[in-house]
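*Asks:* I have a structure I would like to understand better, so I am pasting it below and will then ask my questions one at a time.
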Amino acid sequence: MERNLKNVLVISFGFLLLFTAYGGLQSLQSSLNSEEGLGVASLSVIYAALILSSMFLPPVLIKKLGCKWTIAISMCCYIAFSLGNFYASWYTLIPTSVILGLGGAPLWSAKCTYLTIAGTSYAEKAGKNAKDIINQYFGVFFLVFQSSGIWGNLISSLILSQSSTKVEISEEDLACCGAYNCLTDTANTTGSAKPSNSLIYTLLGVYTASGVLAVLLVIIFLDQIKSDQAETEKEKLEAPSFWSTFLATFRHLKDKRQCLLIPLTMYSGFEQGFLSGDYTKAYATCALGIQYVGYVMICFAAVNSLCSLLFGKISQFTGRKLLFALATVTNTACIIALLLWKPHPKQLAVFFVFPALWGLSDAVWQTQTNALYGILFEKHKEAAFANYRLWESLGFVIAFGYSTKLQVYIKLYVLLSVLVLSMVMYGAVEYLEAKSSPRTLTATKKENGGLHSQETCM
């Protein structure tokens, strides 16, 4: 097997194992640790810590440890969160949530940096377009990674199903479902009795073991990777200072393109937060019961996973602009439909159509936005991907922050507004790129005495 592809698969399956555990735990926090809002508080702390981590840790750790060991150590932070759930309290869950958040940004930044370098390296050897190879690598990664939502929800459903109770939902309760939901936690909560401790410990044991396997997979099978030789030699000679590396994330905001991409990056957090926090509660749980939430999220994860591979492959033929347009139209249609739809158990299939379409859109947001960062900021990958995690996490924090304060229809309008702003700003980025590319090509031709050239600079 080609070495770069092997490394991509190792990272992909490592993340699959890790997020099978974390994704399952995340979706269960509000149910398992509902006392005094501990579960929701832990999720808020995770993303707040992730924001702080994004500001300074990724460049420092990646330059000191390299991508491989940054990934391995950061994965251990996720395992700490699983262990904290064995005896969930404010003194165990909140500190482990902070640890997880601090490890999150270096983990994702190192992964994105690794895939970008691997794609660029292979493209140079094979004489192919680096952009196309990077898109394919991200597509393979998200194909494997997004399926973690399937396995995490399936594991929790199989283990906890023994204690779930089915409840008949009255027409009066159904009136409180959907976009104009009643702001109350009393509706339809009787059907979700807390499982026994033995079942909870069994589930946590499976999740912890999955995280440990992820760390071992990376340590044993993932090759350490470096950027090209010129950059390596330059680093040896210059030896950048700690504060220079520390401030790399902030300095990167001087790039106008990075600032224009902030709304798009935040939208990724908004739309994921809405599906996992609001759609599952105000639509699926409210009208069908909590036992259907796992199946709804499995549908989302399955479509997301398949589309991630598909879009990674076809992006070289369609271009990223067409895929972004597809995701925008699909998400907009879903938002409008959710504003108008009154969920009812008799419309069972519709409950799965929305997460399927949401998964299609999210596949574009994840694969193409990650690849876009890698392509636009190839010389400053660590700082760029740190900014990606920073702004996406801020989107999550805002989405969770107003989750219990606003009705769903207001959240949908907010989501639509952010989407429109994101596309306007993204269009400006594409305009700047198109404007600069012909100028670069003209300069290249002049330098070569008017000789025919096919090269352009991103």
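Just so you know, glycine gets a Cβ as well, placed from its N, Cα and C.
Okay, so TrEMBL annotates it like this:
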- 39-57: transmembrane segment (TRANSMEM)
- 69-88: transmembrane segment (TRANSMEM)
- 94-117: transmembrane segment (TRANSMEM)
- 137-160: transmembrane segment (TRANSMEM)
- 199-222: transmembrane segment (TRANSMEM)
- 289-311: transmembrane segment (TRANSMEM)
- 323-341: transmembrane segment (TRANSMEM)
- 347-365: transmembrane segment (TRANSMEM)
- 410-429: transmembrane segment (TRANSMEM)
*Asks:* Would you confirm whether the transmembrane segment (347-365) and the transmembrane segment (289-311) meet the contact rule of 3 or more C-beta pairs below 8 angstroms, pairs 6 or more apart in sequence?
*Replies:* yes
*Asks:* Are there residues at least 6 beyond the ends of the transmembrane segment (39-57) whose Cβ is under 8 Å from a Cβ of it, and what are they?
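*Replies:* Cβ under 8 Å, 6 or more out: 26, 28-33, 81, 93-94, 97-106, 109, 246-247, 249-250, 269, 386-387, 389-390, 393-394, 396-397, 400-401, 403-404.
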*Asks:* Relative to the transmembrane segment (289-311), which of 69-88, 137-160, 199-222, 410-429 accounts for the most Cβ pairs at distances under 8 Å?
*Replies:* 137-160
